[in-house]
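Everything on this sheet refers to the single structure shown next.
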Amino acid sequence: AISCLKAWTRKGLRLVLSGLQEACCAYVLMVTAVYWVSEAVPLGAAALVPAFLYPLFGVLKSSEVASEYCKDTTLLLMGVICLAASIEKWNLHKRIALRMVMIAGAKPGMLVLGFMCCTVFLSMWLSNTSTTAMVMPIAEAVLQQLICTGLADSHHDSETVDSPEEDSGRLFGSFSSLNFQLKSVKVAIEIPNVKRVKARRDSQYPTKRDHMICKCLSLSITYAATIGGLITITGTSTNLIFAEQFNTRYPDAKVINFGTWFIFSFPIAIIMLVLTWLWLHFLFLGCNFRETCSLSKKRKTRREMMSEQRIQEEYAKLGPISYPEVVTGIFFILMTLLWFTREPGFVPGWTSLFEKKGYRTDATVSVLLGFLLFLIPARRPFSSSSPSYDNSESDPLAPMITWKDFQRLMPWEIVILVGGGYALAAGCKVSGLSVWIGRQLEPMSGLPPWAVTLLACLLVSAVTEFASNPATLTVFLPILSALSETLLINPLHTLIPSTMCVSFGVMLPVGNPPNAIVFSYGHVQISDMVKAGFGVNLIGVAVVMLAITTWGVPLFNLTEFPAWAVARNVTRGL
């Protein structure tokens with residue numbers, strides 16, 4: 001490490017003396033990218049490299065670099081985290097999850113689909129990591145009942161183990177001992193001991209089918225969290241990085257907002273959800289959908305009926321919906337409606353009511369509603385009953401959330417990481433590095449737009465398996481933007497699919513934190529994740545390519561090189 005640092009220092013001094021801004025910017029980009037890919041230092045710390053190298057090399061002033069680390073998307077994320085803190089504090093996510101399981105039923109196939117739908121919905125508004133950390137303990141409780149019930153049956157009722165009908169209902173047992181208190185759950189992302197996993201696989205699972213159900217349910221949660229994060233701008237940090245860098249590079253575009261992104265990505269998520277469920281069902285549960293997915297009461301086994309009864313009992317323990325849950329739900333719906341109706345495009349939005357245009361964004365809405373959660377009391381007005389706080393406070397004016405609630409969920413490392421990406425993009429623009437890269441890619445001008453997009457999607461999907469998603473996208477966005485401008489392709493044609501495909505790092509535990517969380521529970525091996533994740537990766541790339549070549553064309557007018565990109569091209573040429 002010391003020798004590499006010395007070599008980089010010598011190269012940096014030569015670049016400073018040469019005075020070539022493109023070379024200096026490329027050097028800073030490579031150093032930051034190496035730190036991100038190798039993770040020799042924390043990602044947030046590596047994101048600070050441009051903050052001191054750009055001023056030293058004369059690429060950007062220190063004040064200019066500092067302004068890149070706090071953007072509009074930072075405020076947007078802070079407002080969303082306020083809502084997420086309220087959802088978690090008042091157990092609204094638990095109510096949603098249990099309700100989804102009750103609707104899905106106790107058949108293995110339907111249970112997996114129910115957990116996937118629940119995870120997708122939560123991941124639209126919460127981070128993928130937080131969603132997986134919230135849902136996985138509920139799924140683990142179900143899987144533990146699978147193991148315990150199967151072992152008890154294998155000792156007391158051998159016919160139950162041998163019966164195909166009863167074997168299909170292995171998920172079913174008593175839920176009376178379960179404790180779904182997720183508010184204090186802190187998931188440690190650790191790689192479990194190989195011997196412990198092997199012993200668990202060989203001795204603790206009643207049958208091979210039970211182990212397959214455990215694998216299927218565990219992997220379905222991490223894949224569903226990834227799919228749900230695609231739907232909204234705030235779903236993942238990569239979506240936020242794309243939105244901010246695109247709007248900064250093309251300020252006249254005015255085409256990317258919450259509504260247009262949702263219209264484009266929601267069909268993608270639905271198709272991916274169904275195909276991923278079918279793929280996991282085929283891989284781990286087989287093709288007998290009639291046995292694993294039937295909703296008929298006549299086809300339910302005794303343990304299936306008992307399982308559904310116990311799930312209903314656990315839901316009943318939550319009691320009637322509380323006042324803080326109602327307030328949180330209202331804020332959730334209100335925030336979504338205000339995002340959709342701000343600038344829907346086909347009709348005037350509520351921003352047209354104001355005289356000055358362009359002042360109000362999605363961040364304005366999220367920060368306003370998030371701020372109100374610090375003001376609104378958690379106790380119902382004119383009510384003597386007090387809500388059940390974690391610390392049993394009796395303050396009648398205690399707000400819906402506190403600063404500690406917000407601070408516990410706020411991903412400051414991601415904020416700095418995103419800011420570092422903005423700083424790198426600004427340096428590439430000012431130094432002219434993006435123009436130089438675009439000129440080197442001119443030999444690709446003979447390829448059709450769909451081929452360029454497909455190559456970009458496959459490239460980022462491969463790289464993101466070994467590097468963090470935000471770091472991968474931050475490195476590739478300026479390159480793909482310059483490529484699109486050089487080839488006279490609508491930049492959205494390559495940038496949107498690449499942004500989505502960078503989330504498909506689902507083949508290895510190091511691909512993203514949700515993978516590591518699921519792997520740490522010990523039900524799956526790396527070989528299982530590679531086999532299942534490879535199929536999900538192919539499904540994702542295929543569906544994204546289908547979307548960008550069909551309904552994405554009229555939505556973003558992809559057949560023409562847009563005026564906002566033409567203006568930038570002319571300015572760049574001059």
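Positions of Cβ are set from backbone N, Cα and C atoms, glycine also.
Automated prediction, rather than curation, is the source of TrEMBL annotations.
The feature transmembrane segment is assigned by TrEMBL to 12-37, 43-60, 72-90, 110-127, 217-242, 262-289, 321-341, 414-437, 449-468, 475-496, 502-522, 534-553 (among others).
Within the chain, the transmembrane segment (321-341) has long-range Cβ neighbours (under 8 A, six or more residues past its boundaries) at 79, 83, 86-87, 89-92, 95, 125, 257-259, 262, 349-350, 362, 365-366, 369, 372-373, 376, 378-380, 383, 387, 400.
The transmembrane segment (110-127) is in contact with the transmembrane segment (262-289), judged by 3+ CB-CB distances under 8 Å for residue pairs 6 or more apart in sequence. Distant neighbours of the transmembrane segment (72-90): 125-127, 130, 134, 182-183, 233-234, 240-241, 243-244, 247, 322, 324-325, 327-328, 331-332, 335, 361-363, 365-371, 373-374, 387, 390, 400-401, 405-406, 408-411, 414-415, 418-419; these residues of the same chain sit at least 6 beyond its ends, with a Cβ under 8 Å from one of its Cβ atoms.
For the transmembrane segment (534-553), the residues of the chain that approach it from at least six positions outside its boundaries are 223, 264-265, 267-268, 271-272, 275-276, 279, 283, 450, 453-454, 457-458, 461, 492-493, 496-497, 500-501, 503-504, 506-507, 559, judged by C-beta separation under 8 angstroms. Here the transmembrane segment (217-242) has long-range neighbours at 73, 76-77, 80, 111-112, 115-125, 127-129, 131-132, 135-136, 139, 142-143, 256-258, 261-262, 265-266, 268-269, 272-273, 276-277, 280, 362, 366, 411, 414, 417-418, 421, 469-470, 473-474, 477, 495-496, 499-500, 502-504, 506, 512, 514-515, 517-518, 521, 523-524, 528-529, 532-533, 536, meaning same-chain residues at least 6 beyond its ends whose C-beta is under 8 angstroms from one of its own.
Between the transmembrane segment (475-496) and the transmembrane segment (43-60), fewer than three CB pairs separated by 6 or more residues in sequence fall under 8 Å, so the two stretches do not touch. It is 502-522 that, among the stretches 262-289, 414-437, 502-522, forms the most Cβ pairs under 8 Å with the transmembrane segment (449-468). Residues 108-109, 112-113, 116-117, 120, 212-213, 215-216, 219-220, 223-224, 227-228, 230-232, 340, 496, 500, 531-532, 535-536, 539-540, 543-544, 546-547, 551-552, 555-556 of the same chain lie 6+ residues outside the transmembrane segment (262-289) yet bring a C-beta within less than 8 angstroms of a C-beta in it.
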